[in-house]
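Below is one structure, written out as structure tokens; comments come after it.
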Amino acid sequence: MNAATKLPTQLGPIHFTGIGGIGMSGIAEVLLTHGYTVQGSDLKPSKITERLERLGAKIFIGQVGENLADAEVVVISSAIKPGNPELETARARGLPVVRRAEMLAELMRLKSNIAIAGTHGKTTTTTMVATLLDRGGIDPTVINGGIIHAYDSNARAGAGEWMVVEADESDGTFNRLPATIAVVTNIDPEHMEHWGSFERLKDGFHEFVSNIPFYGLAVCCTDHPEVQALVGRITDRRVVTFGFNTQADVRAVNLTYKSGVAHFDILLRNEGQVISGCTLPMPGDHNVSNALAAVAVARHLGMKRDEIRAALAGFAGVNRRFTKVAELGGVTIIDDYGHHPVEIAAVLKAARQASEGRVIAVHQPHRFSRLASLFEDFCTCFNEADVVGISDIFAAGEDPIPGASRDDLVKGLIAHGHRHAVAVPDEDALEALIRAEAKPGDIVVCLGAGTISTWAHNLPARMG
């Protein structure tokens, strides 16, 4: 029995189908760190698979039944569907098949856990909680949904008693995670293909916070009306609220931005104290809000005000969350994962705060179904951008939906009053748009969950 995980040490090779996925790889890395034999497959090599290989994992490119070899357990994510050759082989051999969330729950079982949930901001908030606890000497284990710049990984195996995890609501499995502290950043209609209705999604979040033990804590953002409504439904559990509103227990005040750095004070209402002179080296009210969630957790775990102030000031960020790719002739290129209208609006507001020049947004819509169901919101979320470029939709396996195309969105933006929206069909068109529109002092924000990140990172070579 492994002392750290209480999983049997004699457990043979653990095979991850889709090991390069951001959710799967973190679990694989923690298991590797604890001495388990880990192997896995993915459809193509990546920096993540290369890192896991360096840590000792055996990596297969492509997915065939023979990859399982002498594996004794197979871990899959919700993206792995019936018919996958490795899944079918595992079942034919009678091997245990474990969902990603189930394996994560096993790792969490004998730790005290902080689980961060919400439609937006999970990854950044998870990173901030990890950063603060690391700085406070709590030495947490971390499994995140994005690459933490300070670790150059989405995972960290700590020696402390606390684990920090990103809790993904997309398939409902976040309710299997044994959270001691449950954080909710916001609740918006998303992942309706699983939940079916917004009411069911809200019930899922209620179950998430209701699952905490009597000695646990719910940390909730009451700036968001649906989260405030959730707080009203929580009974018999401790709740700490955060936000900019006057009623919040942990509240940011005196917020200003200078050269893309947030300056603010934090009121700790329940303690009657202030953490003054805080800085966060990234723009965006939403990022300050995420920081407040981390501060609420840190104070609950006994961190000192000076430790919190220093940790926020040194926050190194997370990959694809307002990540600066390059500065080309005085034009800043930003790569961001934002693909929901709420996220896009928040990122563009942050870009406006960070730049004295114009904001040029280039967005790759992610999934036809998302664009179709939120079309009106997509048509109005780019108001902070002076210029908007829209690429072809990243289908993620979906079939096209009438009325939800690149050109439909461009027309919708113009019809809703945007002054400059154009189609950007390929990387050549992106380069041409930047050369024509961007001037020194401007900021170009590439937004989306698909291949737009590659476009952004290719710009320095193309523009050079």
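Heads up, the Cβ atoms here are built off N, Cα and C, so glycines get one too.
For reference, Swiss-Prot has these:
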type	residues	note
BINDING	G118, T119, H120, G121, K122, T123, T124	ATP binding site
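Counting every protein chain shown, 31 other Cβ atoms lie within 10 Å of the Cβ of T124 (ATP binding site). Note: the ATP site is recorded as G118, T119, H120, G121, K122, T123, T124; in the same chain, I116, T125, T185, N186, N290 also have Cβ atoms within 8 Å of that site's Cβ centroid. Sequence-distant neighbours of G121 (ATP binding site) (same chain, 6+ apart, CB under 8 A from its CB) are T185, N186, H286, S289, N290. Listed in sequence order, N144, G145, G146, E166, V318, R321, Y337 are the same-chain residues six or more apart from T123 (ATP binding site) with CB atoms under 8 A from its CB.
If you draw a 10 Å sphere around the CB of H120 (ATP binding site), it holds 21 other CB atoms from the protein chains shown.
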